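Take a look at the structure below.
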Amino acid sequence: MTATFLPWIVVLMIAVAGVQIGRRLRLWRRGQPAPVDWLGGLRALPKRYLVDVHHVVERDRAAAKMHVPLAGGLVAACGFLLIGLVTGLTAWRFFWALVTLAFLAMTAGALLEIRRRYPRRLARLSGGSWQTFPFALIAFAIASGLSALFATFGNALPALELLTLILAAVGGVALAATAAEGPMRHALAGATHLVVHPRPQRFGGGRSTELKPLDLDAEKLGTETPADFAWNRLVAFDACVQCGRCEAACPAFAAGQPLSPKHLIADLAAASAGGERPPYHGNPYPNARPVGGRIGLHAPIVSAEGVIHPDTLWSCTTCRACVEECPMMIEHVDTIIDLRRFQTQERGAIPLKAEEPLANFRGCDEPNGRVLAERTDFAAGLKLPVIAAGGQTDVLLWLGQAAFDLRGQRTLTALIRILTAAKVDIAVLGADERDCGDLARRLGDEATFQRLASANVAALASVRFRRILTADPHALHVLRNEYPAFGGTYEVVHHTAFLAELAAAGRIPLSPLAGRSITYHDPCYLGRYNGEVEAPRRLLDALGLERHEMARSGKRAMCCGGGGGAPVADIPGDTRIPDLRMAQAAETGAKTVAVACPQCAAMLEGVTGERPVVKDVAELFLEAIEAAAMRPAEAVRALEVEPA
Amino acid sequence: MKTTVLLSHARHPVSDRPQLSRLEAQAIALAAEVDEAPSGLHAGRNETGVVAALGHGLTALDRLDLADTTDPLSALAAFLTRQRFDLILAGRRGEGGHETGLLPYRLAAILGLPILADAVAITPGAAVETLVVDQAMAKGARRRVTIRLPAIVTVHPLAPPPRPFAYGPMRRGTIRRHPVDGSANAADLDTAEERPHRLRPKLMRQSAGQAAGANLYVDPTPEEAARLILAYLEANGIRRYGPLNDR
């Protein structure tokens, strides 16, 4: 009896799931067109799933231990049954033993999932249908497994077997029925998303973090309604499994600002469907602002009447922690920037404080309204040649916004003195260096960014250099990854990498700063955006510092709160992000926090009370040089460092 | 209420690039309170600065094609007479042009319109063709005035901040370019005196009471002068040793 019906139950489940996901398919098709390499995506699907996705899932061991048997068992069992149906293997008892084993694995996985939710579920998980979902899974797994077991031993108990088969059919169809609106959707939309992912370059160890240029001649700039999203972005929203890892990593959520990446994605998935707003069973936005909740494919998303309050949008620091943690490979930051672009460019609906730097950008190419020619003023007395058009240098130093800020100037002064001591051939653009436009772009002002980018690319084209050196990871990211779209491809190196090179080359005598305990705070735009987490640590170790790691470090580091225009948008929360981060730094017992970004330095130095000292890596390096110079000449030795 | 905002040729104080004056951007925000589709009016050849007004809330921009050396007064007056606006808003003075600050007044004189200065808020009046204007006065005082339209109103820097700039609406806004007949006069600059700028000390606020009294002494003896100065310092609370007579 099982041999006859169980495979057909699977066929029925696939048919039901197909009909359900077909409803979403029709919805996805109403998004904007997007170029998708279907063949390449399909070919890469197994690898993307088994390697890239698993790599992320595995960071939460308990989740991996649950999901591997659960999904593996379900897919294997259904696969076996379909093969059996086609090939006629169902007459063979050993085949049924295999199917039983697969369902057994699934049962074990479902049990583990129940353990994650009972007696109390993890705070980041969603309740509602997600809470009852494992019971549907386990009911189907046990009923089907028992049916397969009966089939393994021949039709011994036909009455019981009929009962388990009916249960299996009911459980299976109930599962398949949730493929459109319920938890099962994550599997089908998730697989589709892996095939049609908008950033295929990020799989297989690659990286794709740059924002895509916006066509400024488009009818509508940015995203207003769900229908304005590219269709594969709509797929991404449906892929969300509401695991809440993004929420756990989000600095704005932690600080009590009204942002939860998970809630945002769930809202967008709900908004694209229209109709009644489905209930959300996760954590609410902290200090949630009231919204009207009107949803629909063509209803504005961000407004007091829509589903997402503007404060939610402007709380984001674009730190990409959510993207880094997402096992479904959803690109939250792209989504937020798309929504911001519409708010800024079409509605001018930007927090008034954030409009100030944008107005300055339009007026004088500098967010604080400073004179570009005064950028090098801080370096009076230092050797810092300004390169004229047609000039040539080995290393072009990109000063960035830090040159106008007293704290940033200390770092830059240290850096310039190191470079002078190392006899590096450097020069700056002087008045031709406009702001890189990072802030304008993250605030959604794409027009200003593109104007600045074109002007800077033109200025850089007028001089000859081998590579660009900068102490600002934001400028680094923009110059390295976002200017190529505007015709400027450069070799850009961050000062941590450059100084690590210098230390490794042993050209400068360094005296170890032994006995000082430090902890290194990774800038998001260096670590997550550019994957540079090794060089700064290598450098700090070369300086002889005793390095303690924070619980969240490297690519999983927590943001300082300074990115994405969040400090200028200044959305109030319960606490401040830099306070949280500084507390984590203090927890390591280190007396110094080493930073590598002027934004991080400014944010972390703004923390009041007793706290570790904030030092840029360049300042520590200069201390080591100066310590070496203080010692008698014979005692000086160049520090030997293992080459990378 | 048909409203237009006069837009001058302003320059950014740091970069010297043409830009929209902030005060005029504030005037646009005020105009949007009483008119759903306010327009702007600029006399001059260079559009690059004033076009930003479309991104701050104007739906259309009229530009009189006029050389920068020409006095725009008669051309503006002729245009405004033709168009019959209910309300004409203006900043206090140009920023980067000749900056006399007289243009709104001379315009009002030619057009025969009432002019009200330093508005921080405007609302339509209870009666038709009236406007309620909140005027900014010294020391944060406000005065509410009701005027009959049409009228010219200039805007005070304490008016609400301008609406943030939006690129899309600027791109979609219409610019109407109007030729001007050649009879326009060149700016009357010859009669103006030109002299180098001299920094003047800030006027200090006088404290109330006797300090404001007569304190001009012609050719006093040194002792008398010293006594007067000390007495002045005592009286104003700058020095506290008690009256000299007590010692």
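Think of each number as a place in line: the chain as shown, counted from 1.
Including glycine, each Cβ sits where the backbone N, Cα and C put it.
Just so you know, TrEMBL annotations never went through curation; they're auto-generated.
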Exercise. Would you mind telling me which of A:68-88, A:614-634 TrEMBL tags as transmembrane segment?
Key: A:68-88
Quiz item: Mean pLDDT for the domain '4Fe-4S ferredoxin-type' (A:306-335), as a whole number?
Solution: 95
Self-check item: Intrachain residues whose Cβ lies under 8 Å of the domain '4Fe-4S ferredoxin-type' (A:231-261), provided they are six or more past its termini
Solution: 24, 27-34, 36, 60, 63, 122-126, 130, 183, 185-186, 189-190, 192-193, 196-198, 268-269, 272, 282-289, 309, 311-312, 315-317, 319, 321-332, 334-335, 338, 556, 558-559, 561, 566, 571-577, 579-581
Quiz item: What residues in the same chain, six or more past the boundaries of the transmembrane segment (A:133-153), come closer than 8 Å to it by Cβ-Cβ distance?
Solution: 2-3, 6, 9, 70, 73-74, 77, 90, 93, 96-97, 99-100, 103-104, 106-107, 109-111, 113-114, 117, 160-161, 164-165, 167-168, 171-172, 174-175, 178, 182-184
Quiz item: For the domain '4Fe-4S ferredoxin-type' (A:231-261), what are the DSSP-based totals of helix, strand and coil residues?
Solution: 19 helix, 0 strand, 12 coil
